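Feature list (source: Swiss-Prot):
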REPEAT    4-110  repeat 'Solcar 1'
TRANSMEM  7-27  transmembrane segment
TRANSMEM  41-57  transmembrane segment
TRANSMEM  113-133  transmembrane segment
REPEAT    118-205  repeat 'Solcar 2'
TRANSMEM  182-202  transmembrane segment
REPEAT    226-310  repeat 'Solcar 3'
TRANSMEM  228-248  transmembrane segment
TRANSMEM  293-313  transmembrane segment
Amino acid sequence: MSQRDTLVHLFAGGCGGTVGAILTCPLEVVKTRLQSSSVTLYISEVHLNTVNGASVNRVTRVSPGPLHCLKMILQKEGPRSLFRGLGPNLVGVAPSRAIYFAAYSNCKEKLNNIFNPDSTQVHMISAGVAGFTAITMTNPIWLVKTRLQLDARNRGEKRMSAFECVRKVYRSDGIKGFYRGMSASYAGISETVIHFVIYESIKRKLLEHKTASAMDSEDESAKEASDFVGMMMAAATSKTCATSIAYPHEVVRTRLREEGTKYRSFFQTLSLLVREEGYGSLYRGLTTHLVRQIPNTAIMMSTYEVVVYLLDG
């Protein structure tokens, strides 16, 4: 791959990630709050003892739904809070996606000379290498973004800035504090691999269908519109499947990035979540995550493909 091609994929990946992050930021904030332990509701219930008739007070842990969480944020913190962490998100998403797509494209090109071109092995290894590279280089940015999104303040209260967050993390945990949750992110590479394998498979089928069908009679703009919609559908379908399978790592990662020392490692957090909150806690925020990720991934992937097409064309 030439230097120009690498720069094209870097730029296209950055554009796709930035556009998707801006449009879906409010859903990202709601999802992060739902994944954390800070929004658990404690409902007091009075039960009558069947033996002596005395009343017994029991406290039940309940996870609020996406709409309830959204309502709480709007009531207590105001609409601006739905864009908390957007700064670090934009700072991180462009280089993260740029690094990811450049690493993916370079790795895929090299592996095509070793394995069958565009085979499942090629896409799996390329996606894994790209995910590992991007996670390692950008984890500190995502930790700051998560902390800012979990920083709930009432209307009128001074909000913590990204620089204040960085100083706070460094004072409490040092440099290693910026890499909390990275083990869960590495576990999430499985989601990335599943996503790209399915995406490339659907994309290949669409290209085969396009070649086989008699589309020569259609005008160029109609073909381009059809390609764009096809890529968006491929991205949305593949991301839905991958997220549904590998979602628990997202919850574990958010808990690890919370302040405090209760959650220490990936497997310790996983077992603690199941023991204290049940298996359902591993899928807290999944609905909101899917509602956000499907359009975000569709926008990101289609923007990436369009930018590459325009720059290469």
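Backbone N, Cα and C atoms are what each Cβ position is placed from, and that goes for glycine too.
Sequence-distant residue pairs (6 or more apart) of the transmembrane segment (113-133) and the transmembrane segment (182-202) include at least 3 whose Cβ atoms are under 8 Å, placing the two stretches in contact. Note on the transmembrane segment (293-313): residues 8-9, 11-13, 15-17, 19-21, 23-24, 97, 101, 195, 199, 228, 231-236, 238-240, 243 of its chain, located 6 or more positions outside it, place their CB under 8 angstroms from a CB of the stretch. Taken residue by residue, the repeat 'Solcar 2' (118-205) breaks down under DSSP into 71 helix, 0 strand, 17 coil. Across the repeat 'Solcar 3' (226-310), the prediction's mean pLDDT works out to 86. Broken down by DSSP into helix, strand and coil, the repeat 'Solcar 3' (226-310) contains 73 helix, 0 strand, 12 coil.
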